[in-house]
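Reviewing the structure listed below.
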Amino acid sequence: MTRLPDGRFVDDAPYDPNESLHQIERRDLDAPNWLLIWRKFRQHKLGLISGIFLLLSYLMLPFAGFIAPYTPNERMSEHLYAPPQSVHLWHEGRFVGPYVYPTKSEPDLETFQWKIVPDTSRPMPLKFFCRGGSYRLAGLIPSKTHLFCAPEGATVFLWGSDRLGRDVFSRILYGAQLSLTVGLIGITVSFLLGISFGSIAGYFGGKIDWVINRVIEILRSLPELPLWLALSAAVPSNWGPVSVFFIISIILGILDWPGLARSVRAKFLSLREEEYVRAAEMMGASSGRVIRKHLLPNFMSHLIASATLSIPAMILGETALSFLGLGLRAPAVSWGVMLNDAQNLANVEIYWWTAIPMLPIIVVVLAFNFLGDGLRDSLDPYQS
Amino acid sequence: MILLRYAIYRFATMLLTLLVVSALIFLIINLPPGDYLSNQITELRASGQESGVAKAEFLRHEYALDRPLWEQYMIWVGMMPGPNGFSGLIQGNFGWSFEFDRPVSDIVGESLWLTVLVNLAAVLFVYLVALPLGVLAAARSRTWVDYTSAFFGYLGLATPNFLLALILFYYGHKHLNLPIGGLMDPRFEGLPMSWDKARSILIHLIVPTFVIGTSGAAAMMQRLRANLLDELGKPYVETAIAKGMSPPRMLAKYPLRMAFNPFVADIGNLLPSMVSGSVLVSVVLGLQTIGPTLLTALKTQDQFLSGFVLMFVALLTLVGTMISDVLLVLLDPRIRYEGRDA
C-alpha cells in the first residue's frame with residue numbers, strides 16, 4: 001500500500017488486466033453455507049450473546065450437582081426462609097478471601113416471625129472442592145465433591161432458603177436440568193411429528209394432504225393449555241418423577257407440531273415441482289429418499305430457527321403446568337415446581353426471594369427469542 | 001352474496017370441526033383409568049358404606065357409564081338415545097357434575113358469560129394497544145420509541161402469564177388500590193345485573209385483561225410493525241410523499257390499510273393462546289370464569305363437567321376464529337375462498 005501525496009492509497013501489487021474482477025468475491029461465493037450463516041449471525045450481537053448464554057447454561061446442566069453447594073432436597077430445619085446471604089471478600093479492611101457470616105435465628109416478639117441475624121464479628125471463609133451431600137455427576141458418576149460449600153456452623157444461601165429450609169440457588173440449578181430439557185424433548189417430538197406429517201402431506205398431496213391438513217387446522221384452533229391440563233391430568237399419579245417428566249414433555253410436543261407441519265407442507269408444495277426433484281424421481285429414487293436427501297436439507301435451517309422460537313413456549317408450558325400442580329410434582333425440582341411455593345402473595349411479600357426462580361425463566365425465554373430472531377435473520381446468507 | 005355464501009360455508013366447517021373436537025375431548029377426558037363413579041364405588045366399598053354404593057350404581061346407569069365408550073360418547077353428544085332418550089349437548093343437556101352433585105349447567109351458569117367477557121376485553125385490549133404502538137414503532141423505526149416498545153414487547157412475551165398476574169395484582173393493589181381477586185365485589189355475586197355491578201366488574205377486569213392481553217399485544221405489535229415497514233418501502237409511499245401529503249395522513253390512507261389485513265387475520269391465530277391464557281390467569285387470580293372449574297373437574301375426574309368446559313373453551317376459540325375470517329373477507333375484497341382450483 002502506497003500513500004500518494006494527495007492522500008489516496010494505492011495498491012502496490014502489479015496490475016494484471018486478465019485477472020477476473022470477481023476474484024476477491026470468489027472466496028465468499030465458494031464458502032460453505034454454514035460459514036456464511038455464521039458470518040451473518042455474528043453481526044447479530046443480541047442473538048450471539050443469547051446463543052452463548054444458552055450454550056453455557058446447557059453445558060452447565062450435567063454439572064449442576066457439582067456447582068450447587070447443597071443437594072435439592074437437603075433441609076436445614078433451623079434455617080427456614082433464610083434471606084439471601086452475600087459472599088464478602090474483605091473483613092475490616094483485611095483481605096480474607098470469599099467468606100460468609102454465620103447466622104442465628106431470633107424470634108421477633110413484635111411480628112411473631114423468626115428474624116435471621118448475621119453475626120458480623122466472625123467471618124467464616126467458604127470451603128472449595130469440599131465434601132457435601134452426594135449426587136451423581138451427569139446422572140451417572142456418584143460424587144460428593146462440591147465446587148464450594150458452607151463452612152462448619154454456617155450456611156451459604158446465595159439466594160435464600162425456602163419454606164422447608166432448602167437452598168434456592170441449588171434448587172434453581174437442579175431445576176434447570178428439568179426445565180431446560182423439557183423444551184428439548186418436546187421440540188424433538190414436535191419436530192419428528194411435524195416433519196413427517198408435513199412432508200407426507202406436501203409431497204403426496206391428494207387425500208392424505210386433505211386429511212392431515214384438517215387435523216392441523218383443528219389442532220391449531222384449539223386452546224393449548226386446557227388440553228395440556230386435560231392430558232396431564234390423565235397421567236397416573238403413582239408414576240415416578242422421571243416418567244412424569246418424560247410424558248409431560250411429550251404432551252407439550254404433541255400439541256405443538258401442527259404449526260411446524262404447516263410450514264413444512266407449504267414449502268414442500270412449492271419445492272416438489274422443482275427440476276432436481278423430477279430428476280431424482282426419474283432416476284428411480286424412492287419417495288422417502290427424495291424427501292430426506294433432496295427436499296428436507298433445503299430448508300432444515302428454517303426449521304431449526306422456528307424450532308428455536310417454539311422452545312420458550314414449551315418451557316413456559318411446563319412452568320404453567322407445574323405451577324398449577326398438574327405437571328411435575330414435589331420430589332422433582334423444576335422452576336415451575338419451585339414457583340408453586342410462591343403462589344401465595346402474602347408469602348412473596350415477606351420472603352421475596354422465594355420468587356427468584358422467575359428470573360431464570362424470563363432470562364432463558366428471552367434468550368431463546370433473541371437467538372431465534374438472530375438465526376432467522378442470518379439463515380439466508382445470499383440475501384442482502 | 002358471495003360473502004353470505006362464504007359465511008355459511010365457514011359456519012358449516014366450524015360445526016364439523018366442533019364435532020371432531022368433541023370426539024377428541026371425550027377421548028382425552030376418558031384417558032385416565034376408571035371414572036369418578038367407579039372410583040367412588042371402590043372407595044365406598046372399602047369403607048363399608050353399602051348405602052352409598054347403590055346411589056352411585058344408579059347414577060352410573062343413569063348416565064350410561066356402564067356402556068361401551070363409543071356409546072357413551074354418542075349419548076353425551078346427543079346423537080343416540082341414552083337411558084332418558086335423546087338428551088346430550090345438542091339437546092342442551094350438559095350432563096351432571098358428580099363432584100358437586102348438581103347439573104353442570106347450574107355450576108357453570110354465570111361464569112360462561114364472564115369467560116366470554118374476559119376474553120372479549122382481552123381481544124379489545126390487544127387491538128387498542130397493538131394498533132397505535134405498532135404504527136408508532138414502524139413510523140419511528142430505529143428510534144427510542146421503537147426500541148422501548150420492542151423491549152417491553154419482548155418482556156411481555158417472555159414473562160409467564162401467571163407471574164405477570166401475581167406481580168400486577170400485588171402492585172396494583174398496593175399503589176393503585178385495585179381490588180384483589182374475583183371478577184366483582186362479593187356483594188354482587190348472584191344478584192341481577194345493575195349499574196353498580198357492571199362498574200364493579202369493569203374495575204375488576206383491569207388486571208386480568210392486561211395480563212391476558214399483554215403477550216398477544218406484543219406479538220401483534222411486532223407483526224404489524226414488520227408489515228408496515230414492508231409497505232413503507234414501496235414506491236407508492238414515495239409517490240404520496242412526493243405529492244406533498246402530510247406523513248400521518250399518508251400513513252393512514254395507504255400503507256396502514258395494506259398492513260391491516262394480517263392484523264385482522266391474526267386474531268384467529270392469537271385466540272387459542274389467549275383463551276389458554278385466560279384459563280390460567282383465572283385460576284391464579286381466582287376469577288369466576290370457567291378456568292378454576294376446569295382445574296377442579298380435571299383433578300377429580302368429574303368427566304361431564306370437564307368435558308363441557310373444554311367444549312365451551314373450544315367453541316369460544318372456533319367462533320372467534322370464524323368471525324375473524326369473515327371479517328377479513330369483508331375488509332379485503334381481494335380475498336376469495338372459492339377453492340384453489342377456481
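Heads up, the Cβ atoms here are built off N, Cα and C, so glycines get one too.
According to TrEMBL, the protein has these features:
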- B:7-29: transmembrane segment (TRANSMEM)
- B:112-139: transmembrane segment (TRANSMEM)
- B:112-328: domain 'ABC transmembrane type-1' (DOMAIN)
- B:151-171: transmembrane segment (TRANSMEM)
- B:201-221: transmembrane segment (TRANSMEM)
- B:263-287: transmembrane segment (TRANSMEM)
- B:307-331: transmembrane segment (TRANSMEM)
Paired segments the transmembrane segment (B:263-287) and the transmembrane segment (B:112-139) in contact, 3+ CB pairs under 8 A: yes
Tertiary contacts of the transmembrane segment (B:307-331) (same chain, 6+ residues out, Cβ under 8 Å): 3, 6-7, 10-11, 14, 17-18, 21-22, 25-26, 28-29, 76, 89, 94-95, 104, 108, 112, 115-116, 119, 123, 260-261, 264-265, 267-268, 271-272, 275, 279, 290, 293-294, 297, 337
Same-chain residues near the transmembrane segment (B:201-221), Cβ under 8 Å, at least 6 residues beyond its ends: 114, 117-119, 121-127, 129-130, 133-134, 137, 149, 152-154, 156-157, 159, 161, 164-165, 168-169, 172, 178-179, 182-185, 188, 263, 266, 270, 273-274, 277-278, 281-282, 285, 287
